[in-house]
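> What TrEMBL lists as domain 'PDEase' is 34-364. Here TrEMBL flags His110 as active site, proton donor. Annotation source TrEMBL lists AMP binding site at His110, Asn111, Phe112, Lys113, His114, Asp151, Asp260, Gln311. The Zn(2+) 1 binding site annotation in TrEMBL covers His114, His150, Asp151, Asp260. According to TrEMBL, the Zn(2+) 2 binding site annotation covers Asp151. TrEMBL lists 351-384 with the feature region 'Disordered'. According to TrEMBL, the feature compositional bias 'Basic and acidic residues' maps to 359-373.
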Amino acid sequence: KLYNTKGNIINISPQLAPNSPHSCYKLEVVAADCNSELLGILHFSTRELLGNRKIKILCCCRQWEDAEIMVLLQVMYTDLDFISTFNIELDVLQQFLYEVYRRYNNIPFHNFKHCFCVTQMMYGLIWLTDLRSEMDSIDLLIMLTSAVCHDLDHTGYNNAYQINARTELALRYNDISPLENHHCAVAFEILEKTESNIFRNLSTEQFKRIREGIIKCILATDMTRHTEILNKFKAILPVFDFSDKDHRDVLMMIMIKVSDISNEARPMDVAEPWLDCLLQEFFNQSDMEKLEGLPVTPFMDRDKVTKPSSQTGFIRFVLFPLFTELANLFPCLEKALDYYTEMEKALEREKQNWTQSEKMVKPSNLKEPEAHPEPGGMTKPVNL
(Lines of atoms letter the chains of each structure in order from A; the text may use other names.)
(Lines give C-alpha, C1' and ligand atoms only; values in the text may rest on other atoms or scores of the structure.)
Protein backbone atom coordinates (compact mmCIF):
# COMPACT_ATOMS: atom_id res chain seq x y z
CA LYS A 1 0.00 0.00 0.00
CA LEU A 2 1.32 3.44 -0.92
CA TYR A 3 0.80 6.46 1.32
CA ASN A 4 1.46 10.14 0.66
CA THR A 5 3.03 12.51 3.17
CA LYS A 6 -0.39 13.10 4.79
CA GLY A 7 -0.86 9.39 5.43
CA ASN A 8 -3.53 8.91 2.77
CA ILE A 9 -3.55 5.77 0.57
CA ILE A 10 -2.88 6.61 -3.09
CA ASN A 11 -2.62 4.61 -6.31
CA ILE A 12 0.73 3.94 -7.96
CA SER A 13 0.63 5.51 -11.41
CA PRO A 14 2.89 7.33 -13.89
CA GLN A 15 1.14 10.57 -12.95
CA LEU A 16 2.56 10.61 -9.41
CA ALA A 17 5.11 13.31 -8.69
CA PRO A 18 8.59 12.03 -7.80
CA ASN A 19 9.89 11.93 -4.26
CA SER A 20 12.21 14.45 -2.77
CA PRO A 21 14.55 13.88 0.19
CA HIS A 22 12.17 15.92 2.36
CA SER A 23 8.91 14.52 0.97
CA CYS A 24 8.90 10.72 0.77
CA TYR A 25 6.12 8.35 -0.07
CA LYS A 26 5.71 5.43 2.27
CA LEU A 27 5.31 1.86 0.99
CA GLU A 28 3.73 -0.72 3.24
CA VAL A 29 4.16 -4.31 2.02
CA VAL A 30 1.15 -6.17 3.38
CA ALA A 31 1.59 -9.53 1.64
CA ALA A 32 5.15 -10.72 2.12
CA ASP A 33 7.10 -13.03 4.35
CA CYS A 34 8.18 -11.26 7.54
CA ASN A 35 11.81 -11.79 6.63
CA SER A 36 11.39 -10.38 3.14
CA GLU A 37 13.83 -7.69 2.11
CA LEU A 38 10.87 -5.82 0.64
CA LEU A 39 9.78 -4.85 4.14
CA GLY A 40 12.90 -2.71 4.43
CA ILE A 41 11.90 -0.62 1.43
CA LEU A 42 9.77 2.08 3.00
CA HIS A 43 10.85 5.10 1.01
CA PHE A 44 11.47 5.08 -2.71
CA SER A 45 11.40 7.15 -5.86
CA THR A 46 8.10 6.59 -7.67
CA ARG A 47 9.68 7.08 -11.08
CA GLU A 48 12.44 4.65 -10.22
CA LEU A 49 9.83 2.15 -9.08
CA LEU A 50 7.79 2.47 -12.26
CA GLY A 51 10.78 2.70 -14.56
CA ASN A 52 12.84 -0.20 -13.24
CA ARG A 53 10.09 -2.40 -11.82
CA LYS A 54 12.16 -3.08 -8.72
CA ILE A 55 9.02 -3.88 -6.76
CA LYS A 56 6.59 -6.38 -8.21
CA ILE A 57 3.00 -7.02 -7.21
CA LEU A 58 3.33 -10.11 -5.05
CA CYS A 59 1.60 -13.27 -6.16
CA CYS A 60 0.61 -14.57 -2.73
CA CYS A 61 -2.86 -13.17 -3.36
CA ARG A 62 -4.58 -15.30 -0.70
CA GLN A 63 -3.42 -12.68 1.77
CA TRP A 64 -5.22 -9.90 -0.12
CA GLU A 65 -8.85 -8.94 0.30
CA ASP A 66 -10.95 -9.04 -2.88
CA ALA A 67 -11.34 -5.26 -2.83
CA GLU A 68 -7.56 -4.86 -2.66
CA ILE A 69 -7.15 -7.25 -5.59
CA MET A 70 -9.50 -5.08 -7.65
CA VAL A 71 -7.34 -2.06 -6.85
CA LEU A 72 -4.23 -3.98 -7.94
CA LEU A 73 -5.90 -4.93 -11.22
CA GLN A 74 -6.75 -1.26 -11.71
CA VAL A 75 -3.10 -0.38 -11.10
CA MET A 76 -2.05 -2.76 -13.90
CA TYR A 77 -4.32 -0.98 -16.39
CA THR A 78 -2.93 2.35 -15.22
CA ASP A 79 0.69 1.24 -15.18
CA LEU A 80 0.49 0.00 -18.80
CA ASP A 81 -0.93 3.40 -19.83
CA PHE A 82 -4.26 1.93 -20.96
CA ILE A 83 -6.25 4.57 -19.07
CA SER A 84 -4.83 7.47 -21.03
CA THR A 85 -4.22 5.66 -24.34
CA PHE A 86 -7.78 4.34 -24.68
CA ASN A 87 -9.57 7.05 -22.72
CA ILE A 88 -10.90 4.63 -20.11
CA GLU A 89 -12.79 6.46 -17.36
CA LEU A 90 -11.73 5.35 -13.90
CA ASP A 91 -15.28 4.74 -12.67
CA VAL A 92 -16.01 2.60 -15.75
CA LEU A 93 -12.87 0.51 -15.16
CA GLN A 94 -13.85 0.07 -11.52
CA GLN A 95 -17.38 -1.00 -12.50
CA PHE A 96 -15.94 -3.41 -15.08
CA LEU A 97 -13.65 -5.02 -12.49
CA TYR A 98 -16.52 -5.23 -10.01
CA GLU A 99 -18.74 -6.97 -12.58
CA VAL A 100 -15.88 -9.37 -13.34
CA TYR A 101 -15.48 -10.06 -9.62
CA ARG A 102 -19.22 -10.82 -9.30
CA ARG A 103 -19.10 -13.35 -12.13
CA TYR A 104 -16.34 -15.51 -10.65
CA ASN A 105 -17.80 -18.29 -8.54
CA ASN A 106 -16.82 -19.37 -5.04
CA ILE A 107 -15.16 -22.64 -6.06
CA PRO A 108 -11.83 -24.09 -4.89
CA PHE A 109 -9.58 -23.17 -7.82
CA HIS A 110 -11.12 -21.32 -10.78
CA ASN A 111 -12.13 -18.32 -8.69
CA PHE A 112 -11.40 -14.58 -8.59
CA LYS A 113 -8.02 -15.06 -6.95
CA HIS A 114 -7.01 -17.40 -9.77
CA CYS A 115 -8.10 -14.66 -12.19
CA PHE A 116 -5.74 -12.28 -10.39
CA CYS A 117 -2.81 -14.73 -10.43
CA VAL A 118 -3.15 -15.25 -14.18
CA THR A 119 -3.49 -11.52 -14.84
CA GLN A 120 -0.53 -10.69 -12.60
CA MET A 121 1.61 -13.20 -14.50
CA MET A 122 0.54 -11.69 -17.83
CA TYR A 123 1.34 -8.21 -16.50
CA GLY A 124 4.75 -9.38 -15.29
CA LEU A 125 5.57 -11.12 -18.58
CA ILE A 126 4.66 -8.01 -20.57
CA TRP A 127 7.23 -6.01 -18.62
CA LEU A 128 9.84 -8.76 -18.37
CA THR A 129 9.86 -9.46 -22.12
CA ASP A 130 9.62 -5.74 -23.01
CA LEU A 131 6.58 -6.37 -25.20
CA ARG A 132 5.69 -2.68 -25.10
CA SER A 133 8.53 -2.04 -27.55
CA GLU A 134 7.43 -4.84 -29.91
CA MET A 135 3.62 -4.80 -29.91
CA ASP A 136 1.10 -2.00 -30.00
CA SER A 137 -1.05 -1.05 -27.04
CA ILE A 138 -4.22 -2.69 -28.37
CA ASP A 139 -2.55 -6.12 -28.40
CA LEU A 140 -1.36 -5.60 -24.83
CA LEU A 141 -4.84 -4.47 -23.79
CA ILE A 142 -6.28 -7.62 -25.39
CA MET A 143 -3.82 -9.82 -23.50
CA LEU A 144 -4.42 -8.26 -20.08
CA THR A 145 -8.21 -8.14 -20.45
CA SER A 146 -8.28 -11.73 -21.72
CA ALA A 147 -6.42 -12.80 -18.58
CA VAL A 148 -8.93 -10.94 -16.40
CA CYS A 149 -11.91 -12.60 -18.15
CA HIS A 150 -10.49 -16.00 -19.06
CA ASP A 151 -12.45 -18.10 -16.50
CA LEU A 152 -15.59 -16.02 -15.92
CA ASP A 153 -18.45 -18.01 -14.38
CA HIS A 154 -16.43 -21.24 -14.30
CA THR A 155 -18.56 -23.98 -12.80
CA GLY A 156 -15.75 -26.06 -11.31
CA TYR A 157 -16.48 -28.91 -13.75
CA ASN A 158 -14.35 -29.18 -16.89
CA ASN A 159 -15.34 -29.60 -20.53
CA ALA A 160 -15.24 -33.40 -20.37
CA TYR A 161 -17.87 -33.33 -17.64
CA GLN A 162 -19.97 -30.74 -19.51
CA ILE A 163 -20.01 -32.94 -22.61
CA ASN A 164 -20.57 -36.27 -20.85
CA ALA A 165 -23.32 -34.83 -18.64
CA ARG A 166 -24.92 -33.05 -21.62
CA THR A 167 -25.12 -29.81 -19.70
CA GLU A 168 -26.75 -26.66 -21.00
CA LEU A 169 -23.32 -25.26 -21.90
CA ALA A 170 -22.37 -28.36 -23.89
CA LEU A 171 -25.68 -28.26 -25.77
CA ARG A 172 -25.40 -24.52 -26.41
CA TYR A 173 -21.87 -24.74 -27.85
CA ASN A 174 -22.21 -28.15 -29.56
CA ASP A 175 -19.52 -29.72 -27.36
CA ILE A 176 -16.90 -27.29 -28.75
CA SER A 177 -14.94 -25.71 -25.85
CA PRO A 178 -18.16 -25.16 -23.84
CA LEU A 179 -16.47 -23.45 -20.89
CA GLU A 180 -14.17 -21.20 -22.90
CA ASN A 181 -17.01 -20.11 -25.18
CA HIS A 182 -19.05 -19.34 -22.07
CA HIS A 183 -16.22 -17.30 -20.52
CA CYS A 184 -16.10 -15.19 -23.70
CA ALA A 185 -19.87 -14.72 -23.75
CA VAL A 186 -19.97 -13.56 -20.12
CA ALA A 187 -17.09 -11.14 -20.75
CA PHE A 188 -18.95 -9.45 -23.58
CA GLU A 189 -22.20 -9.43 -21.60
CA ILE A 190 -20.34 -7.26 -19.09
CA LEU A 191 -18.92 -5.10 -21.88
CA GLU A 192 -22.38 -4.63 -23.41
CA LYS A 193 -23.34 -2.51 -20.41
CA THR A 194 -22.36 1.13 -20.96
CA GLU A 195 -21.39 1.63 -17.32
CA SER A 196 -18.87 -1.25 -17.43
CA ASN A 197 -17.70 -1.05 -21.05
CA ILE A 198 -14.04 -0.04 -20.79
CA PHE A 199 -13.87 0.04 -24.61
CA ARG A 200 -16.79 2.43 -25.10
CA ASN A 201 -14.60 5.33 -26.25
CA LEU A 202 -12.89 3.31 -28.98
CA SER A 203 -13.80 3.25 -32.66
CA THR A 204 -15.86 0.45 -34.15
CA GLU A 205 -12.78 -0.95 -35.87
CA GLN A 206 -10.77 -0.91 -32.65
CA PHE A 207 -13.54 -2.68 -30.74
CA LYS A 208 -13.87 -5.28 -33.49
CA ARG A 209 -10.14 -6.00 -33.28
CA ILE A 210 -10.25 -6.22 -29.48
CA ARG A 211 -13.28 -8.55 -29.51
CA GLU A 212 -11.64 -10.84 -32.05
CA GLY A 213 -8.40 -10.90 -30.03
CA ILE A 214 -10.05 -11.62 -26.67
CA ILE A 215 -12.07 -14.48 -28.15
CA LYS A 216 -8.93 -16.01 -29.70
CA CYS A 217 -6.99 -15.74 -26.44
CA ILE A 218 -9.68 -17.16 -24.16
CA LEU A 219 -10.48 -20.04 -26.52
CA ALA A 220 -6.75 -20.86 -26.55
CA THR A 221 -6.94 -21.76 -22.85
CA ASP A 222 -8.83 -24.97 -23.71
CA MET A 223 -6.11 -27.53 -22.98
CA THR A 224 -7.39 -29.86 -25.71
CA ARG A 225 -5.84 -27.33 -28.12
CA HIS A 226 -2.49 -27.29 -26.32
CA THR A 227 -0.51 -29.35 -28.85
CA GLU A 228 -2.06 -27.57 -31.84
CA ILE A 229 -1.14 -24.10 -30.54
CA LEU A 230 2.32 -25.09 -29.33
CA ASN A 231 3.15 -26.67 -32.71
CA LYS A 232 2.02 -23.52 -34.52
CA PHE A 233 4.33 -21.46 -32.32
CA LYS A 234 7.27 -23.83 -32.85
CA ALA A 235 6.74 -23.68 -36.62
CA ILE A 236 6.97 -19.88 -36.82
CA LEU A 237 9.73 -19.39 -34.23
CA PRO A 238 12.66 -19.55 -36.68
CA VAL A 239 11.13 -16.73 -38.74
CA PHE A 240 9.12 -14.95 -36.04
CA ASP A 241 8.19 -11.41 -37.08
CA PHE A 242 6.40 -9.00 -34.74
CA SER A 243 5.05 -7.13 -37.77
CA ASP A 244 3.18 -10.27 -38.89
CA LYS A 245 -0.35 -10.33 -37.42
CA ASP A 246 -0.59 -14.13 -37.59
CA HIS A 247 2.67 -14.44 -35.66
CA ARG A 248 1.48 -11.98 -33.02
CA ASP A 249 -1.83 -13.84 -32.67
CA VAL A 250 -0.05 -17.12 -31.94
CA LEU A 251 2.28 -15.41 -29.46
CA MET A 252 -0.70 -13.87 -27.64
CA MET A 253 -2.27 -17.32 -27.33
CA ILE A 254 0.99 -18.75 -25.99
CA MET A 255 1.27 -15.89 -23.48
CA ILE A 256 -2.17 -16.48 -22.00
CA LYS A 257 -1.56 -20.24 -21.91
CA VAL A 258 1.68 -19.68 -19.97
CA SER A 259 -0.08 -17.26 -17.62
CA ASP A 260 -3.00 -19.66 -17.09
CA ILE A 261 -0.77 -22.52 -15.89
CA SER A 262 1.74 -20.28 -14.14
CA ASN A 263 1.19 -21.43 -10.57
CA GLU A 264 4.24 -23.66 -10.86
CA ALA A 265 6.27 -20.54 -11.63
CA ARG A 266 5.51 -19.32 -8.12
CA PRO A 267 7.60 -20.09 -5.06
CA MET A 268 6.74 -23.52 -3.65
CA ASP A 269 4.96 -22.13 -0.58
CA VAL A 270 2.63 -20.25 -2.95
CA ALA A 271 2.26 -22.97 -5.59
CA GLU A 272 1.47 -25.86 -3.26
CA PRO A 273 -1.74 -24.42 -1.69
CA TRP A 274 -3.00 -23.74 -5.23
CA LEU A 275 -2.32 -27.37 -6.15
CA ASP A 276 -4.36 -28.44 -3.11
CA CYS A 277 -7.23 -26.27 -4.36
CA LEU A 278 -6.97 -27.70 -7.87
CA LEU A 279 -7.01 -31.27 -6.57
CA GLN A 280 -10.02 -30.46 -4.40
CA GLU A 281 -11.89 -29.17 -7.45
CA PHE A 282 -10.82 -32.21 -9.48
CA PHE A 283 -11.90 -34.61 -6.74
CA ASN A 284 -15.28 -32.88 -6.49
CA GLN A 285 -15.78 -33.52 -10.20
CA SER A 286 -14.75 -37.18 -10.11
CA ASP A 287 -17.04 -37.73 -7.10
CA MET A 288 -19.91 -36.22 -9.10
CA GLU A 289 -19.04 -38.35 -12.14
CA LYS A 290 -19.18 -41.51 -10.01
CA LEU A 291 -22.47 -40.40 -8.44
CA GLU A 292 -24.08 -39.70 -11.83
CA GLY A 293 -22.68 -42.81 -13.53
CA LEU A 294 -20.55 -40.80 -15.97
CA PRO A 295 -17.06 -41.74 -17.22
CA VAL A 296 -14.64 -40.84 -14.43
CA THR A 297 -11.83 -38.53 -15.50
CA PRO A 298 -8.72 -40.53 -14.46
CA PHE A 299 -6.46 -37.61 -13.52
CA MET A 300 -9.20 -36.35 -11.18
CA ASP A 301 -9.87 -39.62 -9.34
CA ARG A 302 -8.93 -39.24 -5.67
CA ASP A 303 -8.21 -42.99 -5.53
CA LYS A 304 -5.52 -42.76 -8.21
CA VAL A 305 -3.95 -39.30 -8.01
CA THR A 306 -1.15 -38.08 -5.73
CA LYS A 307 0.36 -34.61 -5.68
CA PRO A 308 3.85 -35.57 -6.83
CA SER A 309 2.68 -37.99 -9.54
CA SER A 310 0.27 -35.41 -10.93
CA GLN A 311 2.79 -32.60 -11.15
CA THR A 312 5.87 -34.38 -12.50
CA GLY A 313 4.10 -35.29 -15.73
CA PHE A 314 2.46 -31.87 -16.00
CA ILE A 315 5.76 -30.02 -15.64
CA ARG A 316 7.64 -32.38 -17.95
CA PHE A 317 5.10 -32.65 -20.77
CA VAL A 318 3.08 -29.43 -20.62
CA LEU A 319 4.73 -26.58 -18.75
CA PHE A 320 8.39 -27.21 -19.56
CA PRO A 321 7.93 -27.45 -23.37
CA LEU A 322 5.78 -24.32 -23.32
CA PHE A 323 8.37 -22.27 -21.44
CA THR A 324 11.20 -23.74 -23.51
CA GLU A 325 9.71 -22.44 -26.75
CA LEU A 326 8.80 -19.07 -25.23
CA ALA A 327 12.37 -18.73 -23.93
CA ASN A 328 13.61 -19.34 -27.48
CA LEU A 329 11.90 -16.07 -28.40
CA PHE A 330 12.63 -14.30 -25.11
CA PRO A 331 16.01 -15.43 -23.69
CA CYS A 332 15.28 -13.51 -20.48
CA LEU A 333 12.98 -16.42 -19.49
CA GLU A 334 15.76 -19.02 -19.52
CA LYS A 335 16.17 -18.83 -15.74
CA ALA A 336 12.62 -20.16 -15.41
CA LEU A 337 13.71 -23.34 -17.19
CA ASP A 338 16.37 -24.02 -14.55
CA TYR A 339 13.73 -23.51 -11.86
CA TYR A 340 11.37 -26.02 -13.48
CA THR A 341 14.17 -28.55 -13.90
CA GLU A 342 14.95 -28.41 -10.19
CA MET A 343 11.26 -28.54 -9.28
CA GLU A 344 10.70 -31.58 -11.48
CA LYS A 345 13.64 -33.36 -9.81
CA ALA A 346 12.23 -32.54 -6.36
CA LEU A 347 8.78 -33.82 -7.34
CA GLU A 348 10.31 -36.97 -8.81
CA ARG A 349 12.08 -37.65 -5.51
CA GLU A 350 8.82 -37.08 -3.65
CA LYS A 351 7.02 -39.42 -6.03
CA GLN A 352 9.63 -42.12 -5.46
CA ASN A 353 9.33 -41.73 -1.68
CA TRP A 354 5.55 -42.02 -1.96
CA THR A 355 5.88 -45.13 -4.12
CA GLN A 356 8.21 -46.76 -1.62
CA SER A 357 5.85 -46.04 1.27
CA GLU A 358 2.90 -47.46 -0.70
CA LYS A 359 4.80 -50.67 -1.45
CA MET A 360 5.18 -51.24 2.25
CA VAL A 361 1.41 -51.46 2.68
CA LYS A 362 0.41 -53.12 -0.65
CA PRO A 363 0.92 -56.67 -1.90
CA SER A 364 4.19 -56.95 -3.79
CA ASN A 365 2.52 -58.29 -6.95
CA LEU A 366 0.62 -55.04 -7.57
CA LYS A 367 2.26 -52.37 -9.70
CA GLU A 368 1.94 -48.65 -9.17
CA PRO A 369 0.07 -46.53 -11.73
CA GLU A 370 2.34 -44.60 -14.04
CA ALA A 371 1.60 -40.94 -14.74
CA HIS A 372 1.05 -39.79 -18.31
CA PRO A 373 0.15 -36.25 -19.38
CA GLU A 374 -3.46 -35.37 -19.93
CA PRO A 375 -4.81 -32.00 -21.14
CA GLY A 376 -6.20 -30.00 -18.27
CA GLY A 377 -3.14 -29.25 -16.19
CA MET A 378 -2.68 -32.64 -14.54
CA THR A 379 -1.58 -36.13 -15.53
CA LYS A 380 -3.44 -39.32 -16.37
CA PRO A 381 -2.57 -42.41 -14.31
CA VAL A 382 -2.57 -45.55 -16.44
CA ASN A 383 -2.44 -48.95 -14.74
CA LEU A 384 0.36 -51.11 -16.13
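Each Cβ is built from the backbone N, Cα and C atoms, and glycine gets one as well.
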> List the residues of the same chain that sit at least 6 positions away from Phe112 (AMP binding site) in sequence and have their Cβ under 8 Å from its Cβ, in sequence order, or write 'none'.
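Spatial neighbours, sequence-distant, of Phe112 (AMP binding site): Asp66, Ile69, Val100, Tyr101, Tyr104.
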> My understanding is the cutoff is Cβ-Cβ under 8 Å with a sequence separation of 6 or more in the same chain; which residues meet that for His150 (Zn(2+) 1 binding site)?
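Residues satisfying the criterion: Cys115, Val118, His183, Cys217, Ile218, Thr221, Ile256, Asp260.
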> What does the structure give for the C-alpha distance between His110 (active site, proton donor) and Asp151 (AMP binding site)? Integer Å is fine.
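It is 7 Å, counting Cα to Cα.
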> Largest pairwise Cα distance, Å, within the listed AMP binders His110, Asn111, Phe112, Lys113, His114, Asp151, Asp260, Gln311?
23
> Given the recorded positions His110, Lys113, His114, which one has the fewest other C-beta atoms within 10 angstroms of its C-beta?
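Each of the recorded positions His110, Lys113, His114 was scored by Cβ atoms within 10 Å; lowest is Lys113.
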> Can you check which residue among the binding-site residues Asn111, Gln311 has the largest number of Cβ atoms within 10 Å of its own?
Gln311
> Taking the center of the Cβ atoms of His114, His150, Asp151, Asp260 at the recorded Zn(2+) 1 site, which other residues in this chain have a Cβ no more than 8 Å from that point?
His110, Cys115, Val118, Ala147, His154, Thr221
> If you count other C-beta atoms within 10 angstroms, which of the binding-site residues Asp151, Asp260 is the most crowded?
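Counting Cβ neighbours within 10 Å, the top one is Asp151.
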> Pop the mean pLDDT for the domain 'PDEase' (34-364) in here, whole number is fine.
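Mean pLDDT across the domain 'PDEase' (34-364) comes out at 86.
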